[in-house]
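Please read the structure below before turning to the comments.
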Amino acid sequence: MQLITTENKLAGSKKALEIIEKGITSGEVNTLGLATGSTPETLYAELVKSDVDTKNVTTTNLDEYVGLAADDPNSYHYYMNDLLFSKKAFKESFLPNGEATDAEAECARYEGILSEHPIDIQVLGIGTNGHIGFNEPGTSFDSLTHKVVLTDSTREANKRFFEREEDVPTHAYSMGIKSIMNAKKIILLAFGENKAQAIKETIKGPVDVNCPASVLQNHPDVTVILDNEAASLL
């Protein structure tokens, strides 16, 4: 596990972009795994501004809210189109289908996509409770793409994106921890003091399902990029 501490979110995002650009330019990255939320927004803005050619790169996404259509402004389809896909050309882009009513079939479909498009670099954020994707504490390390019940803390953290608290979905489709760990390389981004405890447990704590991100200690190629605040408890 390589640890990089930077001055702020912009510097950390640029460092992540350097790694991604190098992989794409060298031809080593055919599939790029993407995350959502506030953490990668600056990375995507920098990627849009960059000259790197992504026309031959396929993207996959970690998760999507259950019950939200792709054109819903709160869906991750909308988020990705708004911040990245409408501004940068990719070969193909895949996300779970939030409108799928057969959860088992949807999860199997998405695992099939991941099998066809093995992830070369997976970008991750981390929740204040140590979740990666929407894999909440207690999730099996052997989990594949699954339908998850969102914890109160996760819904609380995400309510700022919604007009009303009751509009925050209660479930999501998420790549499982095993699905994430199958990526050849992982870049974990964390910015802000509110992520410091989760980062401490991820890097310094035991590998334990109560901190899902701690499983990254077992991955052969992980780069953790932090700002000074997120690194403050290390």
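Glycine too: its Cβ is placed from the backbone N, Cα and C atoms.
Since we're looking at a predicted model, the values are computed, not measured.
Taken from Swiss-Prot, the feature active site, proton acceptor covers Asp63, His131, and the record attributes it to sequence analysis. Under the heading active site, for ring-opening step, Swiss-Prot lists Asn129, Glu136, citing sequence analysis as support.
Feature map: annotations from Swiss-Prot on the structure.
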{"residue": "Asp63", "record": "active site, proton acceptor", "DSSP class": "strand"}
{"residue": "Asn129", "record": "active site, for ring-opening step", "DSSP class": "coil"}
{"residue": "Glu136", "record": "active site, for ring-opening step", "DSSP class": "coil"}
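Separating the Cα atoms of Glu136 (active site, for ring-opening step) and Asn129 (active site, for ring-opening step) is a whole-number distance of 8 Å. If you measure from the Cα atom of Asp63 (active site, proton acceptor) to that of His131 (active site, proton acceptor), you get 12 Å.
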